[in-house]
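First the structure, then my questions, so here it is.
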Amino acid sequence: MRIGLIGYGKMGKAIEEIALERGHSVVVKATSKTKDWDKNLSEVDVAIEFTSPSSAVDNISRLLQHNIPVVTGTTGWYDQYSEIETRVHETEGSFLAATNFSIGVNLFFAINQFVAQLMNAHTDYDVSLEEVHHTQKADAPSGTAITLGEQIIAHTDRKHDWKCIENTTIDFEKKPENLLIEAVRKEGVPGTHTVRYTSDIDTIELTHTAHNRKGFALGAVLAAEFIKNKKGIFTMRDVLNLK
Ligand SMILES: NC(=O)c1ccc[n+]([C@@H]2O[C@H](COP(=O)([O-])OP(=O)(O)OC[C@H]3O[C@@H](n4cnc5c(N)ncnc54)[C@H](OP(=O)(O)O)[C@@H]3O)[C@@H](O)[C@H]2O)c1
């Protein structure tokens with residue numbers, strides 16, 4: 001498979017390594033300085049887009065216009081997701097977005113849903129989330145934390161919305177119906193997510209810790225292999241066959 005990498009930063013480079021190991025070739029490598037990368041797409045079978053929240057929607061739209069299947073891992077643009085959905089339908093394209101490509105995190109999502117359903121009846125427990133990432137991360141909370149939070153809200157009658165606190169603010173108004181997501185930034189952390197259920201008596205914690213970026217990169221390449229000859233909108237649940 002011939003891959004176009006839109007975004008050649010920490011993730012783009014990790015994806016290239018895994019793609020080459022799996023016998024693929026990388027025929028386009030674009031950064032913010034490569035303005036006309038869409039003139040070189042004729043050789044590309046699938047594009048993998050990991051850039052920045054402010055450029056993702058434009059990049060994805062350009063790729064769809066050129067009929068290139070798109071896998072994107074960029075986070076922080078999901079308020080415009082429905083726009084992209086419309087463009088996929090208009091172009092009869094192929095699209096897969098994931099806030100987290102790691103297989104372990106996608107299993108963690110399934111576990112999180114199960115535990116949220118179980119804990120719904122146990123109203124003595126309050127639930128909160130914590131995410132820790134490296135200091136260069138542009139968005140907060142992480143896309144993964146938002147996915148975890150939305151899963152919890154969908155299965156927990158006493159939670160209606162999520163609120164993010166960054167590095168713990170003191171004047172935050174704590175309302176029981178809000179699910180608190182604490183976003184912490186620390187040098188060198190690829191991504192740690194904790195779901196915490198606390199009562200007066202005890203605490204139950206579920207934690208996923210990424211040791212490096214390999215898991216995200218492998219998942220993105222598996223997703224690209226999956227959508228290559230398909231049409232429509234897919235998720236990592238389809239790739240990993242998690243029903
Ligand atoms: N879904 C997941 O599993 C997952 C995992 C990790 C990270 N992420 C997300 O993926 C994104 C990228 O992360 P990263 O750690 O790789 O960031 P990074 O190291 O900052 O790299 C970003 C890359 O995108 C390029 N870029 C920015 N704007 C562009 C544009 N308009 N056109 C083409 N390229 C452009 C940058 O170019 P310059 O070098 O010229 O600036 C750089 O090469 C972030 O949103 C992050 O949160 C997702």
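Please read every residue number as a count from 1 along the shown chain.
Every residue, even glycine, has its Cβ placed from backbone N, Cα and C.
Pulled the feature table from TrEMBL, pasting it below:
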type: ACT_SITE; residues: His133; note: active site, proton donor/acceptor
type: ACT_SITE; residues: Lys137; note: active site, proton donor
type: BINDING; residues: Gly73, Thr74, Thr75, Ala98, Thr99, Asn100, Phe101; note: NAD(+) binding site
type: BINDING; residues: His134, Gly143, Thr144; note: (S)-2,3,4,5-tetrahydrodipicolinate binding site
type: DOMAIN; residues: 1-100; note: domain 'Dihydrodipicolinate reductase N-terminal'
type: DOMAIN; residues: 104-240; note: domain 'Dihydrodipicolinate reductase C-terminal'
Record lists Gly73, Thr74, Thr75, Ala98, Thr99, Asn100, Phe101 as binding NAD(+); longest Cα-Cα distance in Å?
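The two farthest binding residues have Cα atoms 11 Å apart.
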Mean pLDDT, the domain 'Dihydrodipicolinate reductase C-terminal' (104-240)?
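Summarising the domain 'Dihydrodipicolinate reductase C-terminal' (104-240) by its mean pLDDT gives 93.
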Do you know which of the recorded positions Gly73, Ala98, His133, His134, Thr144 end up with C-beta under 6 Å from ligand 1?
Gly73, Ala98
Using the alpha carbons only, what distance in Å do you get between His134 ((S)-2,3,4,5-tetrahydrodipicolinate binding site) and Thr75 (NAD(+) binding site) once rounded?
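About 15 Å separate the Cα atoms of these two residues.
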In three-state terms from DSSP, label Gly143 ((S)-2,3,4,5-tetrahydrodipicolinate binding site) for me.
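DSSP call for Gly143 ((S)-2,3,4,5-tetrahydrodipicolinate binding site): helix.
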Near the NAD(+) site, what residues other than Gly73, Thr74, Thr75, Ala98, Thr99, Asn100, Phe101 in the same chain have a C-beta no further than 8 Å from the centroid of the listed C-beta atoms?
Thr72, Ala97, Gly143, Thr144, Phe216
Measuring Cα to Cα, how far is Gly73 (NAD(+) binding site) from Gly143 ((S)-2,3,4,5-tetrahydrodipicolinate binding site) in Å?
9
Looking only at C-alpha atoms, tell me how far Thr144 ((S)-2,3,4,5-tetrahydrodipicolinate binding site) is from Thr99 (NAD(+) binding site), rounded to the nearest Å.
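Here the two Cα atoms lie 5 Å apart.
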For Thr75 (NAD(+) binding site), what is the tally of other C-beta atoms lying within 10 angstroms of its C-beta?
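Result for Thr75 (NAD(+) binding site): 24 other Cβ atoms within 10 Å.
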Can you count helix, strand and coil residues in the domain 'Dihydrodipicolinate reductase N-terminal' (1-100) using DSSP?
40 helix, 22 strand, 38 coil
Where does the residue listed as 'active site, proton donor' sit in DSSP terms: helix, strand, or coil?
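It is coil.
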